[in-house]
Every structure is written in structure tokens, then in C-alpha cells.
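K.L.:
Here's a structure for you.
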Amino acid sequence: MAGPLLAGRHETLPGPMQVAQQRVNERGQWENKFEFILTVAGAIVGLGNIWRFPYLCYKNGGGAFFIPYILYLVTCGIPLFILETALGQYTSQGGITCWRKICPLFEGMGYAAQVITIYGCMTYIVILVWAFLYLFSSFTADLPWANCNNAWNTDFCVTFGTRNASTNWTVPLLNVSSSVVEFWHRRVLRMSDGIESLGGIRWELALCLLLSWAICYFCIWKGVRSTGKAAYFTATFPYVMLAVLFVRGVTLPGAKDGIFYYLYPNVTRLADPQVWMDAGTQIFYSYAICLGYLTSLGSYNKYNNNCYKDSFYLCLLNSGTSFVSGFAIFSILGYMAGEQGVDISVVAESGPGLVFIVYPQAVSLLPCPQFWAVCFFTMIILLGVDSQVRAQHTWSWSWVHLSHSQGSKRYLNRH
């Protein structure tokens, strides 16, 4: 009876493409391409561009490191970036369910990617907590990590300030510790004697943790709408801070020495397999390959969007940011090494040691150190928030889409 009734009313059932388009419209899309560009840029440009890439260049042959880096970028980074973005745009699905439309056998890769993403969220949120504590500590008359007059300092605390201060010692500096290191270990981390000593709740860190989760929540609580709007600030302001630090860094005495160590090519390092492994690892790490980020964010594009061109420009932006950040970091490290009268290899570090020990110490040597500390840790926080928000959005969308409850369906229709 259904056929004749519909025929009598001159109605036609919607085709598969119409149904798919209706579901996409209900799910939501980016309001414009710029929101997509900013959101993806915020997802891939993160702390690895600041604290990992410059150090890898210095460690693996300076300018020679760009040979394996560019090779991996062209053969692996850009093609996989385009592939994942196109996969999301074509299927309009998240990182798990997209495989059901391509090859259901591969759905396990989506689950594995989400597990990795969840672990990444746990890591980034802790870094945000530390960065917030450093930021709040910067609003003081004297930076707390720049002196030894604090309750957490030991009798062996010293302030390695200028060249003169570091050469006035007549005994070997075997048991001394820097004020910056003591602030990191004894104030921020408050490291215990062993795993059997858990300690109590650090309320200042707990409040910073609450603040970090609250910021991330309000960036994604309305789905793609709030995520796209938040990206206008979180994805652009770090570049303002990076530009400020870059200009200040290259104008400091000793900056050219730091930049020389950063870029001086040592082609003999190319014979070391570790150099090639570091280049490939950096590409996959900094481009968020195989984590579901790009698939999830690309799924909000229009079906006929030119994702090829978008992906190519985003890849150039990501690698360009890594390259420029090396100038901002190593110019200040060169100044710091010159002030202390040591080789730059002594102060060059990677990872949290660069962000929370070396750079705060370098900032304390600058005029008006509070201002530069606020600029630096604001940049670190926004880079961390961007990466954390994109990761949360990716795994929350993927898991919610898997649920078949009526409540989740209403959520999907809103988001």
C-alpha cells in the first residue's frame, strides 16, 4: 500500500545522496574554510614544534637535518595528511566509524588511534598544569625561580646569572643546584624520595588542573561551533607571542652564536641511522598522523571542499612554524650561554627541560623578565590548549558516534 499511496500523492522517496546530505547538515559543518584551517593548525602546531624540532636540528647535524626531514615530509607527511583529511571529508565520519564505509576490517586501527589519543590527553593536561603555575608565578616582583630566597630552596642553591657570577667560585661546583632546577623539582614537582611516598594533594596544582579542564570543556561544549570560534584566538595568538620572542631573541648579544649552532650543517651526521629515525618520528608526531585528528576535523568540511590545497598549505605552515621557532629558541639560548660563559651544548635541551628549566633561566637574565615570562608561558599554554582541545574533540566525537542510545543521537544532531 505504501507505493500506491506515495504515487498518488506525487511524492518521491529521497535518494541515498539526499539522505547523506541531510545527515551532514544535521551534524554540522564549519561555517567557513578559515575555521577549518585555524582548527587544524591548532591541532598540528603544538609543543613539539617549540621544544623538539629545534633541538633535533641542533643534535642531528643542523642544516643537514633538513635533508631527511624534507624527504620524509614529501614522501610520508604530506600524502598521509591529505589522505586522512580526505577520508574524513568523504565519509563525514570520525576516526573509528569512517572505516565502516571504506573497509570494516580496518576499524581496529580507529580504536587503537583513540587509545593513543586518550593517553596523549593525559600528558598534555599535565603540561598545561605546570605552565599555568609558571604563568601565575610570573606575576611577582621577583621571579621565584631567579633567586634562592624561597622556602623550597636548599643550602646548596646558587643563582647562575652572568659570566662573572659563574666564575667567582673557587671550589668545584659539585653539590650545588640551580635556583631554576630547585623551583622545578622542589616547588612545582615536589618530588618525593620514592614511589612509596605519595604525598598529599597539591592544591595549587589541583586548581590549575581544574582550570585547564574547564577551558578545554568550554572550547568544545557546543561541538564544531565552539571549536571553530575558539580557534580564532587559540590558534593565532601563539604566533603573536612567537613573533615577539623571535624579534627579542635575534636582537640579543650572542644570538648569532645560538643560530649558528642551530643551522650549521654537519653532513657526516647523515650516516647515522638515528638521524633518519628522528626525522621520520618528528614528521609523524608533529603532523598528528594516524591519530584520527585529521579525519575527525576533515569530516566537517563540505563534500566538494578542496582538501588537497588546504592540506598542502597546512603542512607548509606546520614545518615553517617549526623552522622559525628554532630561531626564537636558539637565539635566546645563545644569549644565555654567552652570559654564563659556557658552550651552548651545556644549555641546549629538549622536552620539558627546555620549557621549564632552560628557558625560564634565560628569561630571568633579560630586562623586565616578568613580561617575557608571561609572553612565553602564555604561548605554551595556548599551544597546549589547542592540542588538548583537538584531541578531546576527536575521541569524544568518535566514541559518542559509536553509541546507539537515543541520548547520543540527540547529541549528534546538535553537534
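Glycine is no exception: its Cβ is also placed from the backbone N, Cα and C atoms.
In case it's useful when we look at the structure, here is the feature table from TrEMBL:
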type     : residues                                             : note
BINDING  : Gly42, Val45, Ser286, Asn318, Leu383, Asp386, Ser387 : Na(+) 1 binding site
BINDING  : Asn49                                                : Na(+) 2 binding site
DISULFID : Cys148-Cys157                                        : disulfide bond
TRANSMEM : 36-54                                                : transmembrane segment
TRANSMEM : 66-90                                                : transmembrane segment
TRANSMEM : 111-136                                              : transmembrane segment
TRANSMEM : 201-220                                              : transmembrane segment
TRANSMEM : 232-251                                              : transmembrane segment
TRANSMEM : 283-300                                              : transmembrane segment
TRANSMEM : 312-337                                              : transmembrane segment
TRANSMEM : 357-385                                              : transmembrane segment
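Structural setting of the listed features?
P.N.:
Counting only residues at least six positions away in the same chain, the Cβ atoms of Gly42, Ala43, Gly46, Leu47, Gly120, Tyr124 sit under 8 Å from the Cβ of Ser387 (Na(+) 1 binding site).
Classification of Asn49 (Na(+) 2 binding site) by DSSP places it within a helix. In sequence order, Ser286, Asn318, Thr321, Ser322, Ser325, Leu383 are the residues near Asn49 (Na(+) 2 binding site), counting only same-chain partners six or more apart with C-beta under 8 A.
In the three-state DSSP scheme, Cys157 (disulfide bond) falls into the strand class. Residue environment of Cys157 (disulfide bond) contains 20 other Cβ atoms, counted within 10 Å of its Cβ in all protein chains.
If you look at the transmembrane segment (66-90), the same-chain residues 6 or more away from its ends with a CB under 8 A from one of its CBs are 40, 57, 98, 102, 270, 275-276, 279-280, 282-284, 287, 289-290, 293-299, 301-303, 305, 307-308, 310-312, 314-315, 319.
Within the chain, the transmembrane segment (201-220) has long-range Cβ neighbours (under 8 A, six or more residues past its boundaries) at 125, 128-129, 132-133, 136, 190, 226-227, 230, 234, 385, 388-389, 392-393, 396.
Same-chain residues lying 6+ beyond the ends of the transmembrane segment (357-385) with a Cβ under 8 Å from its Cβ atoms: 45-47, 49-50, 124, 127-128, 131-132, 134-135, 138-140, 143, 145-146, 160-162, 178, 180-181, 183-184, 212, 215-216, 219, 233-234, 237-238, 241-242, 244-245, 248, 252, 329, 332-333, 335-336, 339, 347-349.
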K.L.:
In sequence order, which residues at least six apart in the same chain have a CB under 8 Å from the CB of Val45 (Na(+) 1 binding site)?
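P.N.:
Expected: Ala235, Pro238, Ser286, Leu317, Asn318, Thr321, Leu383, Asp386.
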K.L.:
Can you say which of 36-54, 283-300, 312-337 has the most Cβ pairs under 8 Å with the transmembrane segment (111-136)?
P.N.:
283-300
K.L.:
Are there any residues in the same chain, six or more apart in sequence, whose C-beta is under 8 angstroms from the C-beta of Cys148 (disulfide bond), and if so which?
P.N.:
Cys157, Val158, Thr159, Ser179, Glu182
K.L.:
Please work out which recorded stretch in 36-54, 232-251, 283-300 has the most C-beta pairs separated by under 8 angstroms from the transmembrane segment (312-337)?
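P.N.:
Against the transmembrane segment (312-337), the leading stretch is 36-54.
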K.L.:
Hey, does DSSP put Cys148 (disulfide bond) in a helix, a strand, or just coil?
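P.N.:
For Cys148 (disulfide bond) - judged by DSSP and reduced to three states - the answer is coil.
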